[in-house]
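For reference, Swiss-Prot has these:
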{"type": "BINDING", "residues": "Tyr136, Gln197, Asn220", "note": "NAD(+) binding site"}
{"type": "BINDING", "residues": "Ser243, Gln265, His268, His334, Asp367, Glu421, His426", "note": "substrate binding site"}
{"type": "BINDING", "residues": "Gln265, His268, Asp367, His426", "note": "Zn(2+) binding site"}
{"type": "ACT_SITE", "residues": "Glu333", "note": "active site, proton acceptor"}
{"type": "ACT_SITE", "residues": "His334", "note": "active site, proton acceptor"}
Amino acid sequence: MTVSTAIARLNAADPDFARHLDHLLSWESVSDDAVNQRVLDIIKAVRERGDAALVEFTQRFDGVDAKSIDDLILDRARLELALTRITPVQREALEKAANRVRIYHERQKQDSWQYTEADGTVLGQKVTPLDRAGLYVPGGKASYPSSVLMNAIPAKVAGVTEVVMVVPTPRGEVNELVLAAACIAGVDRVFTVGGAQAVAALAYGTESVPQVDKIVGPGNIYVATAKRHVFGQVGIDMIAGPSEILVVCDGQTDPDWIAMDLFSQAEHDEDAQAILVSPDAAFLDRVAASIDKLMPTMERADIIEKSINGRGALIQVRDMQQAMDVANRIAPEHLELSVADPQAWLPHIRHAGAIFMGRHTSEALGDYCAGPNHVLPTSGTARFSSPLGVYDFQKRSSIIFCSEQGASELGHTASVLARGESLTAHARSAEYRILTQEKGN
């Protein structure tokens, strides 16, 4: 049995290709006035009423019979219990994935440094981890334990003192895999709250929920809107759009493999985007046939079909160099280089969240256990953004120590520049430190 999908076909030789591509890529999630106002009301309530507001919203939105905030707190012992409630195979997979993620992120750690100039002046940079990070995890059956690993482990590697996780438990439904992942990743505290109210609690603190320095993790439109509103009070990772995959293929990979790689992102939601670029028109036809053949075998076929038909595309290009140009124009979240010699083409890629090299490297491996982070820039923001990493949980302070001679010498320069800006106090502050014998020079 096969189905007939209506995936878009584009050709880079078409005079209107750029316009068609822009239309394909266009996606904007704008919170409407009602969502914005509701989120602002929730934030205000949490700031004013703290724990009581959290309990009330959790009862209302999640259907949880919580009498007090104590009913919404999971201690470390509960996380350890979750490890015993998952299968040995699941635990082994989580621990292996966590170990690989940890090893990779250890290489990202930045260290402080200093250097000393001839006159004894010392300049440098001090790298310090954040004190506390907040991790938002979606709840219910759609929970992703892999996201817990990807968000929490870099924070712990960075040296963050405390990682606080919030995860809703709709109708009391607890995902043991998520709690087990939190235990393995080193999460310190868990609160079973979600939505905008959880974001507000992390940003401003309540009697029980500690205020954090940065909030990371995905969520629905209410969570994303709340993160926008609290940014500045705390740091945030990003406002993520729908998941994306762009596959560049020379036409020599099994078309079933490519179709399934496209499905792997399309199954996330109807707005996800899956695009294949190839110079081989016949190969595009074979992949289209594989899509139709494999679609009925998918558990989430309805979602995949809507995604493929609504935002997917098969794009024919002149050659592999033009394929690179198209890839850089799209700046995808996930980029597969399913080609014979991916290393040869890697220097041509400037904009991508993660690059999967070669025919055997499916994007799914990066999602779960390869090691690099799966929290990636979407919606073209890979042009200026990077994957989540240890550096997102570290901050840098400049170090300046001037010797007497150094302060005297730099004082002349600072004085000239400060007076040029009519900032007399700046100038005089520097001038006071000029050595007496140099003041007349």
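Using the three backbone atoms N, Cα and C, a Cβ is placed for every residue, glycine included.
If you take the Cα of Glu333 (active site, proton acceptor) and the Cα of Gln265 (substrate binding site), they are about 10 angstrom apart, rounded to a whole number. On a Cα basis, His334 (substrate binding site) lies 22 Å away from Tyr136 (NAD(+) binding site).
A 10 Å cutoff on Cβ-Cβ distances gives Glu421 (substrate binding site) a total of 9 other Cβ atoms nearby, all chains included.
Among the binding-site residues Ser243, His268, His334, His426, no residue is found with its Cα located within 10 Å of the Cα of Asn220 (NAD(+) binding site).
The binding-site residues under consideration are Gln197, Asn220, Ser243, Gln265. Their Cβ neighbour counts within 10 Å are lowest for Asn220. The DSSP secondary structure for Gln197 (NAD(+) binding site) is helix. Taking the Cα atom of each, Ser243 (substrate binding site) and Gln197 (NAD(+) binding site) are about 25 angstrom apart. Between the alpha carbons (Cα) of His426 (substrate binding site) and Gln197 (NAD(+) binding site) lies a span of roughly 45 Å.
Sequence-distant neighbours of Asp367 (substrate binding site) (same chain, 6+ apart, CB under 8 A from its CB) are Ser146, Ser264, His374.
Long-range Cβ neighbours of His268 (substrate binding site) (same chain, at least 6 residues apart, Cβ-Cβ under 8 Å): Pro242, Ser243, Ile303, Ser307. Ranking the recorded positions Tyr136, Glu333, His334, His426 by other CB atoms within 10 A of the CB puts His426 at the bottom. Straight-line distance linking the Cα atoms of Glu421 (substrate binding site) and Gln197 (NAD(+) binding site), rounded to a whole number, equals 47 Å.
The distance from the Cα of His334 (substrate binding site) to the Cα of Gln197 (NAD(+) binding site) comes to 31 Å.
For the binding site of substrate, formed by Ser243, Gln265, His268, His334, Asp367, Glu421, His426 according to the record, the largest Cα to Cα distance is 56 Å, rounded to a whole number.
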